[in-house]
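*Asks:* Take this structure first; my questions come after.
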Amino acid sequence: MQRILSSWFVQGMVKATSDMWLKGWDERNGGNVSLRLDAADVEPYRDEFYPAPRCVELSQPRTELAGCWFLVTGSGKFFRNVQLDPADTLVLLQITDDGMAYHIHWGLSNGGLPTSELASHFQSHAVRKAVSGGKDRVIMHCHATNLIALSFVLELDEARFTRLLWEGSTECLVVFPDGIGIVPWMVPGTDGIGSATSEQMKTHTLVLWPHHGIFGTGPTLDEAFGLIDTAEKSAEILVKVLSMGGMKQTITREELIALGERFGVTPHAGAIAL
């Protein structure tokens, strides 16, 4: 067995994708995850890399990520199968030094390419790497059921959507005080939706794709998963509350302000002002 299969990053991706599938967020080949790695992370496994790595040109240059390593889920791969065959469903790649292409060094053992949302991932990675000082390393996309459901019935206004999620569960303001960004419905797998998402990623760690899914970021796979899980739990509560006739009482503006002060976070200005 290849030693890389027991590496912390492959095992972490196996757990994350399995958890996401068990949550019901990633039907069939839905969803995609990418994890930015350091050269030191992959160095011990170089002897298991492909001797002649495939080179694939990027649709847009990513000079901000030149030389960076990523572990990414594969295009058309089912999350429920990652745990069964990580070497086929995952891919380890490195962006070239000029940022124009990437080399596939390991994975996709039966052929294929990284996720079709790779452009969106790289655009968001570039932004989050800059705004977090290199701390954020994960971009996670999934089809979180209740967040999608709310995108059909709530006004697609980031302040209002954020405020309702904060009110749906006390922990939400603490976990994502910067609120949730929203892009218009757009065709997936395009540079356009990637650009719109990365623009929202400048000020948000969560970005809603209406009628489609959610993008989340964080320093680790656990943090990104936990962020989405928290928002989705609140969305589930809101779906139930709305189906029961709506709120009769909720967390007030003053209480949300006090919550932010207690945990040392600054709430999204537009959402707290409502």
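Every residue, even glycine, has its Cβ placed from backbone N, Cα and C.
Worth saying up front: this structure is predicted, and the values here are computed from it rather than measured.
As annotated by Swiss-Prot, active site applies to GLU117, with the evidence given as sequence analysis. Feature annotation from Swiss-Prot assigns Zn(2+) binding site to HIS141, HIS143, HIS212.
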*Asks:* Cβ within 8 Å of the Zn(2+) site centroid (HIS141, HIS143, HIS212 excluded): which residues?
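*Replies:* Here the nearby residues are GLY30, GLY31, CYS142, ALA144, ILE148, PRO188, TRP209, GLY213, ILE214, PHE215.
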*Asks:* What Cα-Cα separation, expressed in whole Å, is found between HIS143 (Zn(2+) binding site) and GLU117 (active site)?
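*Replies:* For HIS143 (Zn(2+) binding site) versus GLU117 (active site), the Cα atoms are 14 Å apart.
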*Asks:* At 10 angstroms around each C-beta, which of the binding-site residues HIS141, HIS212 has the fewest other C-beta atoms nearby?
*Replies:* HIS212
*Asks:* Among GLU117, HIS143, all listed as recorded positions, which has the most CB atoms within 10 Å of its CB?
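*Replies:* Selected residue: GLU117.
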*Asks:* Could you measure between HIS141 (Zn(2+) binding site) and GLU117 (active site) for me? Cα positions, answer in whole angstrom.
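*Replies:* With the alpha carbons as reference points, the distance is 9 Å.
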*Asks:* I'm trying to understand the geometry here, so how far is the Cα atom of HIS212 (Zn(2+) binding site) from the Cα atom of GLU117 (active site), in Å to the nearest whole number?
*Replies:* 13
*Asks:* In three-state terms from DSSP, label HIS141 (Zn(2+) binding site) for me.
*Replies:* strand
